[in-house]
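Read through the structure below, which is laid out as C-alpha cells, and then see the notes.
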C-alpha cells in the first residue's frame, strides 16, 4: 500500500465521516488488524470514541472484524473499500440513468447509510420525492417498492450477511463476535412486504411544537411502533455489479469508436445477456449462439440474421479480439474476451498519457514497443523512422519515467557491454501500477484544493447561506418583492462575483475528480484481471 493511497483514504474519511472516524480508519489502514484496546491506546482516544468510530466504519463496510485464537477480536480496515467512496457519485448517477429518480434516491440512501432495511429505504425515498412534488401530490410506497425490486433483480443491490437466529431458551453465553452469513440463493430475494402508504412532507416551522412536546411525541411514537415486517433483513449497494456495468459501458464505447454503432449494439446485447450469468471477475462471458443473440437484439432494431452473422464474423476477426468464436453450434458460439478488452483499454490509456506527456513521436515509439515486444535502439530508429539522436533522447526520457524498461541479454557470463544485447520493452502491468499511483496523488491534490478554496471563502459562504435562509422564510410568509430585493442586496456585486468564481472552480475540481476516477477504474480493472490470470 502506497503513501498516496493512505493519504487519499484519510482525506475521503475526513470529508465524509469527520476527524474521529478518519483518525481511527487511517490508523487501521497503516497498522493492519488490531484489537480494540490497542487502537484506543495508540490513537490516544477513549474506548467510547473508538467504539463509536468502529461502529460507523463497520456499518459502511469499511472495517471487518474476526475472532483470534487467543479469544480477542481484531479489527481491520479495507483500503480498497475506502477508495470506493470516491466513486459514489458515479454509482448514484448510474442508478438515475437506469431507474430514474427513484433508483437514484434508493442507491443514494443505501450509500449514505451503509445498510438499511427495505421498509426504511422505501419510506425515506417516498418522503423525499413527496417533498419535491406539487402540493396535493404524494409518492406511493408501492412505486418505490417496485423500483427497489427491479434493482435487486438486476443485482445492483443485495442483502447483507445476517447473524444466525438464536433461541431465547438457550442458556449458552453469546459468542464474542457474531458469525455473519448469507445464502447465495437469497442474496437478491426481496421479502414479500405489503407496504401501504404515501410519502409525507415535513411540517412547517409554524406547526412545530416546542422541544419538550416534540420529544414527548417522538417517545410515544417509538413506544407504539411495532418492529417492521422485514426487521433484521438489511440491504446494501452491490459495488461489484456497478463496476461490471462500468466495464461493459467502456467496452461498448470502445467498439463503437473502433467500428460502428451496429457493432457496439451487438456487443451491448451480448454483455446484457451475460450480466447475471457471468461473474464480475470472469475472463470470458458465457458462450452465446448467433440465434440467441439475434432473438435478444432490441425491439425495433432492423437487422436481418445474415447481416448479424457478418457482423459477428467481422468482430471475431478483428485484431483487438474483443469477441471470440468458441464453437459452431446454433449458428456459431461467441464470447466476449473481457480480459483482452480491459488490457486494450488500459493500453490505450497509457498511450494517450505518453502522447500528452512526451508528444506524438514518443507515442509512436511506445506503440511500436507494444506491438514488437522487444527492440534494440537501432531497430527502434529504423521502424519508427526517427533520427538516431532524437530516438535515443526519447527512449531515455521514457525510461527515466518508467514508461519503458531496458532488458539486458548477455552473450557471455561477464556481462561485458560489447557482448550484451540491450532490448527496450514495455511492461504494461508495472506501467499501469505507476499511473494508478499518480492518479491517487492527483485526486488527493484535487480534494485538498477544494477544501482550501472552501476554507478561504468560508465567511462569504456562511453569509450567502444566511441570506438564502432569510429569503426562503420570507417567501413562505408572502413578503413583498421590494423586501425580497432588499435582502438580496445584502450580498454586494463583488461578493456575488466571488461566489460565482468559487462555484465555477469547485465544479471544475469535481469534474476533474470524476475524470481521474474513470482512469483509475480502467487501470484497477486491468491490474486485477491480469493478476488473477497470472
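Glycine is no exception: its Cβ is also placed from the backbone N, Cα and C atoms.
A TrEMBL annotation is a machine prediction, not a hand-curated record.
Looking at 124-143, 144-163, 164-183, the range annotated in TrEMBL as region 'Disordered' turns out to be 164-183. Note on TrEMBL: of 63-96, 199-232, 233-266, the range annotated with the feature region 'Disordered' is 199-232. Here the domain 'DNA-directed RNA polymerase III subunit RPC3 winged-helix' (351-426) is broken down by DSSP into helix, strand and coil counts: 45 helix, 13 strand, 18 coil.
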